[in-house]
Amino acid sequence: MAPIRVLIADDIATTREDIKRLLYFEDDIEVVGEAGDGHEAVSIAEELKPDVILMDINMPRLDGIGATEQISVNLPQCAIIIISIQGEQEYLRKAMAAGAREYLVKPFSANELANAIRRVNESQKRRNMNLAPQMPSNASQGFKQKRGKIIAFFCTKGGVGKTTLACNLAVALAQETGKKVALLDLDLTAGDAAVMLNINARNTIADLVQEQDVMDFQLVDVFLIPHLSGARVLPAPLSPEQAELIHPPHVEQLLKILRENFDYVIADTAPLYSDINLEVLEACDRIALVLNQDLTTLKHVKTALDIMKTLNCESKVRIILNQQSNEGLKVKEVEKTLNTAITAAVPDDGKTVQSAINKGVPFVMGQPYAKVSAAVKDMIGLLDLAKVDEGREAAAKKSFVTRMFSF
């Protein structure tokens, strides 16, 4: 197997040498080039076409963010890891918005660096396969295959009520449509879906991934816990350290299996940008981007929308305003700042919501006539789930026609 070809971009020569020393004993990784600034990184990347670029964030002439933006456009098949002494979320968000696949904070060990390179390379190879042209017969028939719809709940600001909405929508879908619904808790270090649904998390995703390398539905089905509503739930790990057991390929397999066997898959994600979340965002059909009426949440959501554009996921996004009230920012102000309309609004009803959480009974079940319950049920239609299949069909036909006339 050919080694992973790596380009190092850092304006300090001793740092480049240190990185090469860290990778010296990694047989599957080969450093093929070096760059001393952003412009040089862009030029050498276009010449060498490496698999992975290690990009320092602070460089003269053109910094790492600017170079990453250019390379992501010109060489989308290349994975970029930003390296920096800065660990703040703002730097991480800028890196992800520019197109980076991972963010490493100095100092890091040889194992951390090598594993990050392998991880982004594997993830990028899967993306490249998804972008590769398919045979016309597959393209013209793919949209006819039964595929469930995946809805990802996402926000990098904690405490916005993302998990509450994900759990209640899963229950509402199961009750209102009578179709097969799966809820996947991917907040791997702090997932609360099992608690909110009063489920004994005897089986978790951490247990599942340790069973065997290749999953199938027969295995996954054993780990899905039934809820009274009819939905099936795969809880998050019971302890934070178990999150390290789950990797993007596991999530990719799991989403594929659930999509093939359920009508709706609700994925509750962690409040951060990670390889696993990127896997979910790219695989899903709808991204329920949750926000509240405060300035800090608005800042997070605006950044998220920019990143969604970079990932070509913008068309999937639906803005969900949670805990709507007459206090805080006005709805029109929020929409103007985001330059997009709010898809659905869920009213602020702290008493009903908190009571439901404490009882472990989703409010759409325990208080079905409450305004907050009606708002969640309305989300089923407002998320435009019926249009997902239309979009798939149009995309498949367009892809087929494009290839027919691209010779």
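Every residue number used here counts from 1 along the chain in the order it is shown.
Using N, Cα and C of the backbone, Cβ positions are placed for all residues, glycine too.
Please treat TrEMBL annotations as automatic predictions, because they have not gone through curation.
Features of the protein shown, as given by TrEMBL:
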DOMAIN    5-121  domain 'Response regulatory'
MOD_RES   Asp56  4-aspartylphosphate
Same chain, 6+ residues apart, C-beta under 8 Å of the C-beta of Asp56 (4-aspartylphosphate), given in sequence order: Ala9, Asp10, Asp11, Ile12, Thr15, Gly64, Ile82, Ile83, Ser84
Composition by DSSP (helix, strand, coil) of residues within the domain 'Response regulatory' (5-121): 55 helix, 27 strand, 35 coil
For the domain 'Response regulatory' (5-121), the mean pLDDT of the predicted model: 90
